[in-house]
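One structure is given here, and the rest of the page talks about it.
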Amino acid sequence: MPEEPLDPDVDLRDPAQQRELVRHHVSVLGVIALGGGLGALARYGLAQALPAEPGGFPWATFWTNVAGCFLIGVLMVLVTEAWSAHRLVRPFLGVGVLGGFTTFSTYAVEARNLLRPDTVPLAFAYLGGTLAAALLAVLLGHAITRKLVPVEVAV
């Protein structure tokens, strides 16, 4: 059985198409990097505004992830149903800005750090509460945006 190409629209034997792939990936990586830097700066700002006490509930990370998930729900409606967006909008905002803003790795580290004899209930409240709130936030962002923003009709 012959092996199928990864992208059937691209003929890698054609030098012009090879160059186009490189240009495409460079621009996507560039907007992701820019967006990621902006998202990380926003996360840092929120962490500075809501510092966590040692052994206390990590509110900054909780609200960062919940807000980021809400915005992901909003973005998915906007870029898939409401806007005819440029091809770099989704990687910039979704992967870059919101990927740099949300921080589920910090969530995991903070939950692990709360798994001490005196804070085990808090650790499980943080683990479950963040997961439930983040999933609910995506659903709410999606539902609210669908109600408020007119959807483009495909012709």
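Using the three backbone atoms N, Cα and C, a Cβ is placed for every residue, glycine included.
The feature transmembrane segment is assigned by TrEMBL to 26-45 (among others).
The annotation transmembrane segment is assigned in TrEMBL to 57-79 (among others). If you look at the transmembrane segment (57-79), the same-chain residues 6 or more away from its ends with a CB under 8 A from one of its CBs are 43, 46-47, 49-51, 85, 89-90, 93-94, 98, 101-104, 106-107, 110, 122, 125-126, 129-130, 133-135, 137-146, 149, 151.
Marked as transmembrane segment by TrEMBL: 91-109 (among others). Sequence-distant contacts of the transmembrane segment (91-109) (same chain, at least 6 residues past either end, Cβ-Cβ under 8 Å): 28, 31-40, 42-43, 58, 61-62, 64-65, 67-69, 71-72, 75-76, 79, 126, 130.
Among the features that TrEMBL reports, Na(+) binding site is placed at Gly99, Thr102. All chains included, 18 other C-beta atoms sit within 10 angstroms of the C-beta of Gly99 (Na(+) binding site). According to DSSP, Gly99 (Na(+) binding site) sits within a helical segment.
Within its own chain, the transmembrane segment (121-140) is flanked in space by residues 55-58, 61-62, 65-67, 69-70, 72-73, 107, 110-112, 114-115, which lie at least six positions past its ends and keep a Cβ under 8 Å from the stretch. The transmembrane segment annotation in TrEMBL covers 121-140 (among others).
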Thr102 (Na(+) binding site) CB neighbourhood, other CB atoms within 10 A: 22
Long-range Cβ neighbours of the transmembrane segment (26-45) (under 8 Å; 6 or more residues past either end): 64, 88, 91-93, 95-103
